[in-house]
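Colleague: Just dropping this structure here.
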Amino acid sequence: MENDTWENESSASNHSIDETIVEIPGKYQTMEMIFIATVTGSLSLVTVVGNILVMLSIKVNRQLQTVNNYFLFSLACADLIIGVFSMNLYSLYIIKGYWPLGPIVCDLWLALDYVVSNASVMNLLIISLERXFCVTKPLTYPARRTTKMAGLMIAAAWLLSFELWAPAILFWQFIVGQRTVPSGECYIQFLSNPAVTFGTAIAAFYLPVVIMTILYIHISLASRSRVRRHCPETRQEKKKPISSMKSLLIKQTKNIPKQDAGDKVVEKKNGVSNGKIEKSMTNLQTAEEKETSNESSSASLSHNPPEKQPLSEASSGVVLAPTQSMPPLPAKANTASKWSKIKIVTKQTGNECVTAIEIVPECAIPLPEQANNRPVNVARKFASIARNQVRKKRQMAAREKKVTRTIFAILLAFIITWTPYNVMVLINTFCQTCIPETIWYIGYWLCYVNSTINPACYALCNATFKKTFKHLLMCQYKSIGTAR
């Protein structure tokens with residue numbers, strides 16, 4: 001009888017415990033859980049799709065296969081892992097109110113989460129360092145900036161992140177001899193010490209942010225300096241006379257046939273001989289050829305002295321305007337030699353650089369018609385040279401501006417999304433009850449949202465990425481190679 005009574009009481013007690021466990025209300029109501037699941041699931045989906053688009057764009061579009069974009073590819077890999085695993089597991093943890101998957105999955109999730117997050121920070125740091133070397137050492141660093149070197153740097157970032165976090169997270173309980181994380185909870189055991197938490201926050205976030213901010217300021221200043229060097233003329237310098245022009249002398253003799261001027265031009269800074277300007281440039285195109293860019297240069301041919309010859313300025317297009325032609329003379333003038341002066345000056349109109357070319361014959365003795373055409377041909381070639389130089393300088397400036405803008409957007413997004421959580425970590429070190437649990441969840445999730453924002457940064461700051469995204473989403477695969 002006593003045994004029956006004890007068994008009945010025991011079974012009733014067990015039944016009440018079971019009912020208590022089952023009937024414990026969750027932290028959120030049903031509609032709240034649906035809302036949380038919808039929002040977090042949508043963010044996870046957008047993160048996965050966006051970073052897959054980034055990786056596919058770099059893979060299929062050769063124009064995006066640059067060293068700098070390989071670092072973005074590595075960053076997209078980290079963001080993709082966060083979107084697939086970290087976001088969804090943390091959402092499950094929030095909705096359930098406890099960790100339902102056991103300690104092994106907990107440790108694996110934490111190891112993956114912290115390794116990938118730290119790899120993202122390391123990739124951002126590498127991007128900043130690599131860009132700083134490009135703008136501060138433009139002559140020496142590009143020679144070492146190879147795909148192999150980029151691969152080694154990316155591998156180092158991932159290996160270092162793995163070594164810093166994975167062993168400590170997975171094996172700390174064996175090092176100290178016990179697992180102190182309660183059942184139903186999931187956090188890193190060695191971070192239960194506030195001092196350790198404070199130190200890791202400084203090393204993993206604040207120190208990299210300070211370094212990247214300093215590097216970006218340095219990159220921005222160096223890029224602006226390089227762009228200004230392409231258009232060094234200031235407003236005060238514009239008022240200076242034409243004496244600031246660069247001059248080249250071309251000697252014209254009767255021994256040089258007309259067709260030679262149109263075949264090959266070899267240019268040299270120091271001087272000229274036999275009407276050929278020496279420089280490592282051959283088979284130049286004439287000024288009549290159509291150009292796809294809007295670079296500007298102008299040329300004029302006149303008998304006027306240099307100080308009286310006006311320079312034609314243009315903000316776009318190429319203008320080649322011989323203002324005056326020289327009449328032919330008797331054949332005895334063929335034996336005469338003439339020195340012509342070609343002047344090249346770069347002017348700045350607003351934010352644009354304009355290159356003007358002026359050819360001025362120094363002597364008053366005119367030449368026959370055959371020799372008369374030679375300055376025009378040379379002017380055309382110099383117009384083409386100047387046009388190409390302006391185009392290359394503008395393209396380089398545009399590329400630098402694009403890369404710098406992309407880096408700025410990525411760093412800004414990183415700082416905005418990661419700062420709230422890391423500020424709360426520091427506050428929690430001194431006051432463990434000051435931060436509400438919901439604010440913790442939001443702050444931690446903001447770190448994940450950074451992986452969602454990064455692909456948008458690439459598209460907004462890089463037109464090629466944007467067009468490639470569009471072609472991929474619309475299945476216009478044949479147009480991907482032409483996206484510019």
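Here, residue 1 is simply the first one shown, and the rest follow in order.
Positions of Cβ are set from backbone N, Cα and C atoms, glycine also.
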Colleague: Checking Swiss-Prot: are Gln29 and His471 on the same side of the membrane?
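Modeller: They are annotated on opposite sides of the bilayer.
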Colleague: Tell me which residue from Asn8, Asn450 Swiss-Prot records as N-linked glycosylation site.
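Modeller: The N-linked glycosylation site feature in Swiss-Prot corresponds to Asn8.
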Colleague: Considering the candidates Cys77, Cys106, Cys353, which is the cysteine that Swiss-Prot reports in a disulfide bond with Cys186?
Modeller: Cys106
Colleague: Which residue, chosen from Asn14, Asn294, is annotated N-linked glycosylation site in Swiss-Prot?
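Modeller: Asn14, according to Swiss-Prot.
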Colleague: Take a look at 33-55, 70-90, 108-129, 150-172, 442-461 and tell me which one has the most Cβ pairs under 8 Å to the transmembrane segment (195-217).
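Modeller: Counting Cβ pairs under 8 Å, the winner is 108-129.
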Colleague: Any idea what the model's mean pLDDT is for the topological domain 'Extracellular' (173-194)?
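Modeller: When the pLDDT values over the topological domain 'Extracellular' (173-194) are averaged, the result is 90.
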Colleague: Could you check whether the transmembrane segment (150-172) packs against the transmembrane segment (33-55) - three or more CB pairs closer than 8 Å, residues at least 6 apart in sequence?
Modeller: no
Colleague: With helix taken as DSSP H, G or I, strand as E or B and everything else coil, how many residues of the topological domain 'Cytoplasmic' (462-484) land in each class?
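Modeller: So the counts come to 17 helix, 0 strand, 6 coil.
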Colleague: Helix, strand, coil: count each for the residues of the topological domain 'Extracellular' (173-194), based on DSSP.
Modeller: 9 helix, 0 strand, 13 coil
